[in-house]
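Engineer: Quick one: the structure is below, and I'll ask about it shortly.
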Amino acid sequence: MISQLLPKTVVCAEAYEDGESPETALYPEEAALVASSVPGRRAEFATVRACARRALAGLGLPPSPVLPGVRNVPQWPKGVVGSMTHCAGYRAAALAKADDVLAVGIDAEPDGPLPDGVLEAIALPREAAWALAPGTAGPVHRDRLLFSAKECVYKTWFPLIRREIDFDDAEITFSDAAGSSGTFSARILRPGRLPDGGPLTGFTGRWLARDGLLVTAIALEAKGPARS
Ligand SMILES: CC(C)(COP(=O)(O)OP(=O)(O)OC[C@H]1O[C@@H](n2cnc3c(N)ncnc32)[C@H](O)[C@@H]1OP(=O)(O)O)[C@@H](O)C(=O)NCCC(=O)NCCS
């Protein structure tokens, strides 16, 4: 699913179930991180790292451990950017060469309503009005799609800018959510500075709903219109 949302320069790998295989074997330093975790966490951790190593191979790179760094940002080999996500029934990794893509973020969620109280906690008033607009219930759960887009924004933003943003620091606008796929824009209300000194004021992303899952993705291309 996720590769449909990203440019060809981003190599994606995904899995719909866990399973023990040589591919999901962890490096000792990875295994140590989840040694006392519940089985479900160990399984998603291993499967998503198998996805990451498949994506590394797709970039022509050898397998390596994927360890958390500051604020749990996954640490990639030098010159690589990427993102990982897991939710019930889905795991994915998306990786690219930093020469092509400055940052990538992906997020997956079950296509179901958010728990009570979460929309109020994550949405700006205009976003909440969009999510709750009369006549828009189903097939896509707008509240969950909004949440996923914000998580996707955070995963793109934080590894690049290294500054926390909160849910009310990004304003998401969906171009259309009547079908099962579309685009969104994220306006960052507290802009950041890119490594080259240019401003980072927002992102454009894409989303897709299928088989009970929602996925969102952003790729900030190195030679995008605003940066070429
Ligand atoms: C970190 C966070 C974004 C993860 O999202 P999630 O939907 O809970 O979980 P997902 O399964 O989709 O993603 C988990 C993966 O995200 C990655 N991740 C964790 N922290 C990260 C960070 N600071 N930056 C980028 N990626 C991160 C990791 O690879 C993790 O997988 P792993 O633990 O197996 O290594 C989320 O838990 C969080 O802290 N959100 C609050 C911040 C936020 O979203 N603000 C909104 C700004 S608009």
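Note that Cβ sites are derived from N, Cα and C of the backbone, with glycine treated the same way.
Unlike curated entries, TrEMBL annotations are predicted automatically.
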Engineer: Among R41, R162, R163, which residue does TrEMBL name as a further CoA binder in the site formed by R49, T85, H86, D107, E151, K155?
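Structural biologist: Candidate listed by TrEMBL for the same site: R41.
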Engineer: Do you know offhand how many angstrom separate T85 (CoA binding site) and E109 (Mg(2+) binding site) by C-alpha?
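Structural biologist: So the Cα of E109 (Mg(2+) binding site) lies 9 Å away from that of T85 (CoA binding site).
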Engineer: I'd like the Cβ neighbour count for E151 (CoA binding site), meaning other Cβ atoms within 10 Å of its Cβ, all protein chains included.
Structural biologist: 19
Engineer: Around R41 (CoA binding site), how many other CB atoms lie within 10 A of its CB?
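Structural biologist: Result for R41 (CoA binding site): 13 neighbouring Cβ atoms inside 10 Å.
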Engineer: Checking the binding-site residues R41, R49, H86, E109: which ones have Cβ within under 6 Å of ligand 1?
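Structural biologist: Passing the 6 Å Cβ check against ligand 1: H86.
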Engineer: Can you check how the pLDDT averages out over the domain '4'-phosphopantetheinyl transferase N-terminal' (29-96)?
Structural biologist: 98
